[in-house]
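Visitor: Got a structure for you, questions after.
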């Protein structure tokens, strides 16, 4: 068995090279995405492929595996090595040996190196004379040798067991773990520990503690250098109680010893030395064992990873080979798992970003239209105030003027009239200013107070508009400006906010009462045209100011003031409206280019980047499956389709039960991408009883003789008894067919809940178990709704009309279910008469296109159909997707049909029962499908449970990838 060691290393190197290629492709894909700036202000490479993850992967892929021989003493290590390579290359004796490395060479050669890099010039005894066993002098460590930077004795041997990269390191008795921890050797260690003729010493225990601390996740295989550590009788060195216990075990197990596997450890026949080793190793934590109460014997405790083990004899080389194989597989699985986590996280990020992009593309034009519509409504309502509120404002101004007169006449001082002038009421103060300047100052104070009162009343009149429009409008604009590039559109954005604040948010304060202060210039014209006959006294006391104030208020014309106010208000509204429209056009122009770029990025993610990462994810997860479980054995062929062949398999993946193997050979890059996305979506679907479970995948690179193209992809899934096509042809009862319809509906609903659309629901994609319960399979066209490119895919008869336009959503599965329900109700697999007359696929496809283009051409109604079933079919294959019922609304209809079918034994009896029950049934469940709340395109409030309408994303034709994929019936 140990002769197969080169084969294990060769397989490891081949798989490692494939993983290196996958890593390089992954780095290139992430760097390209980062370069094209799909995710601004994010370093995609560091986010998805973190330095820690990259170091873990490169540590495995850059270093070569090596067998590290540790042990109690040099003699034990020599025995294990000589047995392993089937050659007495090392002398069986003790001594202080240096590091020894055994590799393959065309001729036997020996040299001394420092850190495996620099060859030292030293006279070695092996170079002086022929040798078959290495001289002890060459193996012995010199006294002045530095433990930190050790010298390694390089030994090249022409032995087949050392081919294909096999290398064996024999570690010295002291300081080996520290050298390994420094990673000077650049290896992936596979630890074998040779046990000698005595229990572990304290020095051995300390070395093993360091090994456990330095490599906590690396298993160790402990090998006894003795040929046998079992006993045929009782060891006299044991105590009396131990001898009695072992004696009982010997007698108990004599009868079953012939049935015991030769490779397992017989703890009952282990001598005291073996039991001592097990006790010491258990205390160190290498071997986890517990004593069973029932059988009173030790048993192993295993974990998820490969664990340490014990071999009772160095002659059991098959167990050594099995351990080495497990360690090599663990390294490959770890590297593949790290890579697959990167791929899965990348795909998840891409799909979520595609959802975000689709939402931005849909909602941004709506937001701009909403902002424009709301601003137009606000502008129209405010202008309505300008044209219709003049009389109301005139009366308002008259009331305010009268109130101000009353306040002036009732006031005992001039605080209300003129706060800025410091004067004494008891003496007459001669002003240095002219009377004209004093009058102007009084005018300013009076008009300011008038403006304040009028403005407050005006704010109250438009306050309801501010509450109704401004808040929503500002929130909408804020959402638009979140992604607004401030460096290029700073002025437009700020101007838009200032316009809204100045024109519409009428916030009045005492210091700046509205913008009516700007009316002062025009109001002064009224006073200039008015000839006030005042006495030219220069004594400006309180009485004079009261008199001037009353005369100013009397001279004001409420009609003229209202006209001026409304004219000024209208001018500001018109100016603000024009500025708003200009700023909104600027935003619209900005988003026009941005949305086009977003659509291009979304298409690039869907068509190129996501499939590329999905292909790498397929390779990494296939590596895990092939390393862990190996290639499945393909038995007889059980099916054949357009893209591959399905074989039977007895079992695979560590699970019992038959499985089916779908073998696909991708013909080109597009086929690879489709297959990779199919696998990703199928693998990401959580387990469900109505979905066929995918067990794993294998990429057979030997099929085409090269990497990537020409390889065969094996998709392994659970195997069921037959498909629905064969089931209907063989004959199914009406109750069984109704139950199948419910099962298919449940599976489709579950896919839709996961954001997936099947796009190819048909008879052959529904599998039946031994109880005739249905499960959905074949997710070749399954895809998330946001990742759909408008491709024309599916089986012709089951294709919805909108598939030809390239604009469709999850309702295509409802249409396909309606066609499938036609077959279930018909009870046969013949094509509908509309399509049956065509003898080849080309004519059938032409007929289907005509049928889909012309509304109303659908499968015919058969005489066996009752009204309830036929109405359900018509609703499902409605020409308008919005008129098709929700899947949840179909369930009660099918359940009603099922309940009625249970009360009869044939479909004819069901029809007769319906005629009798029609008078008693208050409502037919099928009629409820016509209700708006059970359809996709209508939003109403009655039902407590309703589904949000799935909006259809419309694309420009030149941005779509319109291609046709057809499958055979």
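Residue positions begin at 1 at the first shown residue.
Each Cβ is built from the backbone N, Cα and C atoms, and glycine gets one as well.
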Visitor: Which candidate from 631, 655, 662 does Swiss-Prot annotate alongside 638, 639, 640, 641, 642, 643, 644, 645, 646 at the ATP binding site?
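Guide: Among 631, 655, 662, only 662 appears alongside 638, 639, 640, 641, 642, 643, 644, 645, 646 as ATP-binding in Swiss-Prot.
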Visitor: With Swiss-Prot as the source, identify the stretch among 7-37, 38-68 annotated coiled coil.
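Guide: So the range that Swiss-Prot calls coiled coil is 7-37.
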Visitor: When Swiss-Prot marks a stretch as region 'Disordered', which of 862-903, 904-945 is it?
Guide: 904-945
Visitor: Take every residue in the domain 'Protein kinase' (632-894), average their pLDDT values, and give the whole-number result.
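Guide: It averages 82.
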Visitor: Which of these binding-site residues has the least crowded Cβ, counting other Cβ atoms within 10 Å: 638, 646?
Guide: 638
Visitor: Give the residue from the recorded positions 640, 644, 760 that has the most other Cβ atoms within 10 Å of its Cβ, counting over every protein chain displayed.
Guide: 760
Visitor: Relative to the Cβ position of residue 642 (ATP binding site), how many further Cβ atoms are located within 10 Å?
Guide: 9
Visitor: Find the one among the binding-site residues 638, 640, 642 whose C-alpha lies closest to that of residue 760 (active site, proton acceptor).
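Guide: Closest by Cα: 642.
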Visitor: Assuming the binding residues for ATP are exactly those in the record, 638, 639, 640, 641, 642, 643, 644, 645, 646, 662, what is the maximum CA-CA distance in angstrom, rounded?
Guide: 14
Visitor: Please report the three-state DSSP label of residue 644 (ATP binding site).
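Guide: For residue 644 (ATP binding site) - judged by DSSP and reduced to three states - the answer is strand.
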